[in-house]
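According to TrEMBL:
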type	residues	note
TRANSMEM	B:34-53	transmembrane segment
TRANSMEM	B:59-78	transmembrane segment
TRANSMEM	B:90-109	transmembrane segment
TRANSMEM	B:149-166	transmembrane segment
TRANSMEM	B:196-215	transmembrane segment
TRANSMEM	B:221-242	transmembrane segment
TRANSMEM	B:249-266	transmembrane segment
TRANSMEM	B:272-293	transmembrane segment
Amino acid sequence: MSSQSLSTKKEPFIRIIKKTEISVGKTIVLSLLALLAAIIAGGIFILAIGQNPFEIYTTIVKGAWRSSMATKGTIKIAIPLLIAALGITPAFQMKFWNIGAEGQIIMGGIFATYFALFFDHLPHGLLLVIMFVAGMVGGGLWGLIPAYFKTRFGTNETLFTLMLNYIALYMIKFFIEGPWRDPASSGFPKIATFTKNARLDQIFGVHAGWLIGLVLVVVLFIYLTFTKQGYEISVVGESVNTARYAGMNVKKIIMRTMFISGAICGIAGMTQVTGAAYTLGEGVAGGVGFTAITVAWLSKLNPLFILVVTLLFSMLEKGCSVMQSTFGLSSAVSGILQGIILFFILGFDFFTRYRFVFRKER
Amino acid sequence: MIINFLFAAIKAGTPLLFGTTGEIMTEKSGNLNLGVEGMMFMGAFMGFFVGFHTGSLPLALLAAFIIGNFAALIYAFLTVTMMANQNVTGLTLTIFGIGFAKFFGEIMIRKAGGSPKLSPEFMITISEKPIPVLGEIPVIGKLIFSHNPLVYLSVLVAVICSIYIMKTRAGLNMRAVGENPAAADAAGIKVTRIKYLHIMLGGGICGLGGAYLSLINGGGVWNNSSVVNGQGWISVALVIFASWSPMKAIFGSLVFGAFSVLQFYAPKDIIHIPNAFYVMLPFLITTFVLIFASMRKSKTGSQPAGCGINYFREER
């Protein structure tokens, strides 16, 4: 008995233990609490720079939706973010840390641009379908490369995908300054603006990317929740050894999933070039690939939550640019507010996974 | 010509050396912090802000170091204590840091009524000047002993960090935590304290790199849009290229610096390579280094085994 009393004495006052399953309802409540805490913290920040938090927050929310113009702007920001965040999801569910959405978006854009530039004599519908597939193939291949080396040699995928982002970025630079340079533009080198035939149609005043995004939400949700392949992804994510023991071909699953992940990000690139910019510029991804990762993670890799979080983030971004014109505060404040929200949700996530145990009095 | 080229390469490589050394310290203790870009941005702003108002270089550097500490503290709290995902937390820190620097940068611009400029006296302290005697040696004098003071500081920091990691007991403990936190914990090493310390130290060094960019590369004028501009990400790449060794990072930053200025010095009429490839080259090389390192499966010169994985004591 003496040894036991010794061990209780040494037991720390607070211990942390892992929770078993937690209900979806509780997760949502905790996330909302985190969001509330973040809004309060953001408010304190706004107060500290000498502004009224209530005024600023209402301006941001109203600014994003005040007119049909503003609403369209918000949705335009949301489209690539939504699609890219959906793209990240299968990879992250497999615990394959794909930081390369940025590069996969770019490659999707490059592949789609090729057909927009050199095949714009094709019928409109056919051309867009080809561009869509090209975007998927471009992004997919860019996702497949790190997956191949990961399965073959165990190459670190976080660092690999990170590098591929920059290689893709400078590939755009190469095409802009070299083979695809618009001979008609005399000043800064750029790629010619797409002809009408190669532009994505608009539905309700915003390019059809939003419809593609919504369809993808549903498709991905079904794919991950109800199909055999979706199940395989979550088993590999949970434990590679379990998957292997169950007779799954882990290498094949990783490569397939990364192709899908990259392909979806490639779609985001395709919609950006053909729907928003009508050309391929160096800012085609513009950091969306990185923000998408945080969006996907905050949404607990659930496609339906991703839709909600994307709208929240786009609202912040659009609202802050409106706030800039009314209050004269830099729209960079959206980065700070996004950061604060993310920090709080990342921190609060702790309570969904762990709980405290206090030392029992004897 | 070649001397000018190498001189420019050293100048361009210095901020990378700061960022890389900082990230090596962080990764060696077992945390992959993708927030380097954000921390450098924050350091760039604070360094410039304090330099602009006080006119003192040491104070400016101290401010940049402290804001880097602070940014890294957020990261450390979330990943070490709250066990949040390291990749996502790092990316968030980048988003936050860029927002922070640009937001306050704009306030600074408005208060100054136009782009803030550093005082001429301050510009003299950070200007390039030959070291007496040594600077008069032909070739080497110009190449190595005629830089601005921050260049020497970066090399000094890298050398100290290298000695610290490889030759001291504290460095050994830190490597143990990075490789296998459970074993280190069992051996009585305070894992949490070591992680916090080195993440914050690394963040501070990254902040210095940011200060270099705003004070030196910016030419004494604050530019809101293009202070850091991807240098933080290149630093993350350079860590791989330098195979997690600050000494190799000195050489590596020179190579990367050389690539970044190569397009201005390469004989264009002899070699016809598009400019885009010059800037792409460091990333291509790093990718190959990464692949070959994984093919050799060597323990030395690869990422610390515990890097990227949070340590949960009850689960070892």
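Cβ from N, Cα, C; glycine included.
Predicted automatically and left uncurated, TrEMBL annotations should be read as such.
When each of the listed stretches B:90-109, B:249-266, B:272-293 is scored by C-beta pairs under 8 angstroms to the transmembrane segment (B:149-166), B:249-266 comes out highest. Same-chain residues lying 6 or more positions outside the transmembrane segment (B:90-109) and placing a CB less than 8 Å from one of its CB atoms are 32-42, 44-45, 48-49, 52, 71, 74-75, 115-116, 222, 224-225, 227-228, 232. Highest Cβ pair count under 8 Å relative to the transmembrane segment (B:221-242), across stretches B:34-53, B:59-78, B:249-266, B:272-293: B:34-53. Distant neighbours of the transmembrane segment (B:59-78): 22, 26, 31, 33, 35, 38-39, 42-51, 84, 89-90, 93, 96-97, 150, 153, 195-196, 199-208, 210-211, 215; these residues of the same chain sit at least 6 beyond its ends, with a Cβ under 8 Å from one of its Cβ atoms.
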